[in-house]
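*Asks:* Here's a structure for you.
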């Protein structure tokens, strides 16, 4: 609640500034960071990509700008009432709620989503602090970790091995409502696919290797990335990312490690720069003679785009991507099953994690 | 384990039959139900759609048939070993495992998936009993229900309100590993979208109305449908389905209530014929003046297909679908937020559930 009250105060300041401008007889306007790839830069301190200095101005001099400020006033008013009523809402609900706002009604959800992003950037808070929830579906966790979750129905203390079924602990939308109570873990492994997550759980990987297994469910939700960041920063646990061996999966890794361009204002909050990429690596396709599929034209395009992505500008990635383009192949995590169901937990992961220095 | 041993015995019988045919000097063959919409019929007893009498024969007289029987022998051999080792695997892993089977190797996953379906039909067991898991992601549950889950790490007893976070209880892939211990519920509400599921949880709908809230996550996984079926059949709880108001959502309802054509051999196991459709109904768009989107060409096609689908052959559906085609509109669950965040739980659902006789 502390963060939420501060976030609200920060939101109300935006309106005060507009009010002051108007009472001085000025046309109200707001400056906000430009969100394009030409305005992101690497922050040496936090080791993540953040927005640069370029800003654009929304001014009531234009009809479009005036509408935008009107809508912002309505949205902040709604967020204030919502916090007072101890409620939250989804981005989708917010869009529908504007239905009764007359001129301030949004024409499509992209507009209201964008306005919430603007408010995040203007206040340096996250939409979770405004109690705006995504539709996204958060990760599940299994491993030697005891958490305390602050729910609307009281506090729950849950051990993520002993108090959950095989499905694991379902993390809530606002991960900041979780406290880490204690743990017995040596590292965190984030897994792309459900099939592989279930394989690690079935093979007792979390018990044998003192690992916290987090299911990414494809491109990870914000709440999942926030959880990984917190496990890394607060518990000082190394994070490794285990995905398929294709360009879309490398992007999943990048979004965990470096953050995304669309949400660079949140990188410090969401990114785990020390996260290591386990694989599947293109060189693994050769090394382990893995069953593979042919790269599609879209895969090839995406691989070429990665070669110019500043987040992948390292020797390691250039070699791997060029090798993959040469091979013309991609492989999935589950392709390791070629050598039996235990190969991934008995051979592949122990070897790779020792190489990476995660296992000693 | 009892079901699994019976399933295995049933699988081995298939091989014995083939063995007997060969030792009598016959070319081995297998008869199996034809899986098309021309071979499904309504079973008056169980009130679900099941396969009819048409069968097709897979015979080793053709090369294709011979390969098919060879693969079947390999798969059954693998399933036997797997059960002995107390393991399970995904459909995807099974496909990769065949990589080392020489001539019996599958060329694509569709083939191994289909073979597992064949085995389900031949044995009248489900792939969960063979310990073959889908990649699908099962539902979460929140409500006044205490379950006992038999996990590989021991038995867990979990109350789906008191022992879980706001994310709820994540159901495992094999729902038959759950026992219902006790409950305080009057009915079950299955909800299509995460946003609406979170709305009901936030508004305390499960506590106020003694409801078990199940998140369908779009088109529901088999495990989710099996859970609904079991809650209905074993606890005698009415099931209602709450979705968006578009043709894809009506199909979600139909798959819960009547089963699907692709898996008609599982209808008795998965379908809940008494499940009631709460809405959003096309007539609700008018009645509640809901924000809506224009129907796309694909929506219109899908609505017309529903008009000829035997599962929707009732006065109610014909009227609603024709009305929707006339209106040219569709609405989402969350569109009810137009009237505020509490409208759905204070007005819409209590009214509709009283109409349906679920609330008295």
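Cβ atoms here come from the backbone N, Cα and C positions, even for glycine.
Here's the feature list from TrEMBL:
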type     : residues     : note
ACT_SITE : A:96         : active site, O-(5'-phospho-DNA)-tyrosine intermediate
BINDING  : A:192, A:244 : Mg(2+) binding site
DOMAIN   : A:69-132     : domain 'Spo11/DNA topoisomerase VI subunit A N-terminal'
DOMAIN   : A:135-184    : domain 'Type II DNA topoisomerase VI subunit A all-beta'
DOMAIN   : A:187-353    : domain 'Topoisomerase 6 subunit A/Spo11 TOPRIM'
*Asks:* Taking every protein chain shown into account, which of the binding-site residues A:192, A:244 has the largest tally of Cβ atoms within 10 Å of its Cβ?
*Replies:* A:192
*Asks:* What recorded positions from A:96, A:192, A:244 have a chain B Cβ less than 8 Å from their own Cβ?
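*Replies:* Near chain B - Cβ to Cβ under 8 Å - we find A:96.
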*Asks:* Whole-number answer please: how many Å between the C-alpha atoms of residue A:244 (Mg(2+) binding site) and residue A:96 (active site, O-(5'-phospho-DNA)-tyrosine intermediate)?
*Replies:* 38
*Asks:* Could you state the whole-number distance in Å separating the C-alpha atoms of residue A:96 (active site, O-(5'-phospho-DNA)-tyrosine intermediate) and residue A:192 (Mg(2+) binding site)?
*Replies:* 33
*Asks:* Of the residues in the domain 'Type II DNA topoisomerase VI subunit A all-beta' (A:135-184), how many are helix, strand and coil by DSSP?
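*Replies:* Residue counts in helix, strand and coil order: 3 helix, 24 strand, 23 coil.
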*Asks:* Count up the helix, strand and coil residues in the domain 'Spo11/DNA topoisomerase VI subunit A N-terminal' (A:69-132) according to DSSP, in that order.
*Replies:* 48 helix, 3 strand, 13 coil
